Amino acid sequence: MLQLNAALKALIAKLWDRFWSGGISNPLSAIEQITYLLFMKQIDELDLKREQDAEFTGDTYESRFCGDYFLPSDRSRIEEMEKPKPGESAAQKKTRKAEAKNERKRLAIDKATLRWSHFRQMPANEMLPHVQQKVFPFIKELDGDGSNFTKHMANAVFIIPSANLLQGAVQIIEEIFVEIERDAREEGHLFQDIQGDVYEMLLNEISSAGKNGQFRTPRHIIKLISELVNPQLGHRVCDPACGTAGFLLDAYQYIITQLARKKAKKNQEFEPDEDGFIRTSVSGQLDQNKKDILEQSLYGFDFDSTMVRLALMNLMMHGIDNPHVDYQDTLSKSFSEEAEYDIVMAQSAHI
């Protein structure tokens, strides 16, 4: 278990101390900013893995980091320049189009520069404005206009105030991933859910977080409940107070494990982790139809907008491209969904 890794615990404490000394002392604010950074790294690594998998299988995959990105304000400016003007002459039209083309070229941001693996190598004084002004706006729109993710990320704010804090946090997160990989290699553990074990360890370091009521249900409890309810492909699973989506993620991984075990009988064996789960890398073995069914099977709600964002990012980091998590107080009279779900999984304090 990663929680028993002394080196990792020391790095988690070091990361929290860096945020505290850097001016972000509110526990939930610190966790949210750390999660944004974890999300940037995980999305980069997930994208690279999908590219490698597609190359190996001969499938087509379009990277999230391929092409150009335009900031929302720049998109509006270019669109306005490209609009035909009433009564303009042919010469004016030609000039307008040329100016719009030049402006588009000037404002274009190469998406490859928005990868974690790119900006983590920048000097501190260059990294902060790059992440603040380019990378963070990009990840807020990562799932496209009109998506659930983009809607709930609209009010997200990147509040890391200094270049030294950002660079230090990025370096520590790199060290955390190196330690997890070392643990996996030497101790025989599979690469774990960052938003699970690491988030749980962050909460252990932040005793005052208990005042906010932000606790993740322990892994062994989630595992037990998953085994008891035995979710299957096609079941609609709901967590009405999902927090960081721990129950939904484990239901997803439980279903994947069952499917992978069935497939293993015909093909090859997959090694489950210490919790009995075959982790999400195995989802790459599933056909598109099963992936689509899984994406339409998990639903979460929370009345804390920060928790909604954390849940969405957590699920996306594990390969669920269009997670269904919404802002909603499910105990209020306005929540009227009935007979919508096959299984409800939740922490008992919220039921």
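Quick reminder: no glycine exception, Cβ is built from N, Cα and C everywhere.
Please treat TrEMBL annotations as automatic predictions, because they have not gone through curation.
The domain 'N6 adenine-specific DNA methyltransferase N-terminal' feature in TrEMBL is assigned to 9-173. As annotated by TrEMBL, domain 'DNA methylase adenine-specific' applies to 192-346. Per TrEMBL, region 'Disordered' is recorded for 79-103.
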Secondary structure content of the region 'Disordered' (79-103), with strand meaning DSSP E or B: 18 helix, 0 strand, 7 coil
Mean of the pLDDT scores, which run from 0 to 100, over the domain 'DNA methylase adenine-specific' (192-346): 77
